[in-house]
Amino acid sequence: MSDSATLPFRKMHGLGNDFVVLDGRIDPRPLALDPARVRAIADRRAGIGCDQLIVIATPSDNTADVRMLIFNADGSEVAACGNATRCVAWLAMTESGRDSVVIETRAGLLDAESRGTSLVAVDMGAARLDWREIPLNEAVDTLHLGLSVGPLSDPVAVSMGNPHAVFFVEDSEAIDLAAVGPDLEHHPIFPERANIEVASILPTTEAGRGRIRMRVWERGAGITPACGTGACATLVAAARRGLSPRRAELILDGGTLEIEWLPDDHVLMTGPVATSFTGLLDPALLS
Ligand SMILES: N[C@H](CCC[C@H](N)C(=O)O)C(=O)O
């Protein structure tokens, strides 16, 4: 494919957390994007606009169906993105005609299954709870970080292959995430920065499932309508604190995800996928 050729893209989202998806298997250019190019594509004014840019690549070996590269809107490459993993899994299942696939990410191999039309379940792997795995820059109890900014304090740190700090509050709608997000994302205790969640515990359902209202300030993307790994991290944090059963509905700005922290410590996330539109990327955005 010549450098002047346009490149097909698919605009997808998971509960409004949106992605530009490029296929690096048909054209190598998306496999070598520098951060400035990612920012140009993600720019909602001059580019296409997205929270994350996702590149589908050939898997390293036959243990996976596809490999997935994840870039935040600020150009940073990260290891995990739950909503995008559902979208890529849906594409891979549609392509292969199978109702289960394996996605290779920097956070590991993730098993995904169809749960019906445009509904996908992904085993997001084990929650990492040790300070070294978050990572944090000091040996602290991840269940209670001695950290506070504005009205927020005493978060739980969890990694789903990416770092999260979960703050439990009376009313998550009352928190001005834009005011506190940047300082928390860049707090020195997080050497790789962090995704920031504020969560309120709601009454459990008759079926005994938890219900948690959660909003997110994402590392490298800011406030997004939903965060799959953030929902996983929030459920694990709430269960560790004894605030929720290990299975709950996570109610995000963009909709609801069903999350379960399994006995083997893996976290199962189930939620919708959607394609907004497809198009051709201007080659100027790639070079
Ligand atoms: N929205 C994504 C999370 C992206 C996390 C990314 N912002 C990071 O830096 O880890 C999700 O659905 O899980």
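Residue numbering: from 1, along the chain as shown.
Cβ coordinates come from backbone N, Cα and C, glycine included.
Curation plays no part in TrEMBL annotations; they are all automatic predictions.
Remember, predicted model here, so these are calculated numbers, not experimental data.
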Which of Asn137, Asn195 belongs with Asn17, Gln52, Asn72, Gly82, Asn83, Asn162, Glu218, Arg219, Gly228, Thr229 in the substrate site listed by TrEMBL: Asn195
Those residues of the chain, 6+ apart, with a Cβ under 8 Å from that of Cys227 (active site, proton acceptor): Asn17, Gly82, Asn83, Asn195, Glu197, Val216, Glu218, Leu252
Proximal but sequence-remote residues of the same chain as Cys81 (active site, proton donor) (Cβ under 8 Å, at least 6 apart): Gln52, Ile54, Ile70, Asn162, Gly228, Thr229
Lowest local Cβ density among Asn72, Thr229, which the record lists as binding-site residues, within 10 Å: Asn72
Among Asn195, Arg219 [binding-site residues], residue with fewest other Cβ within 10 Å: Arg219
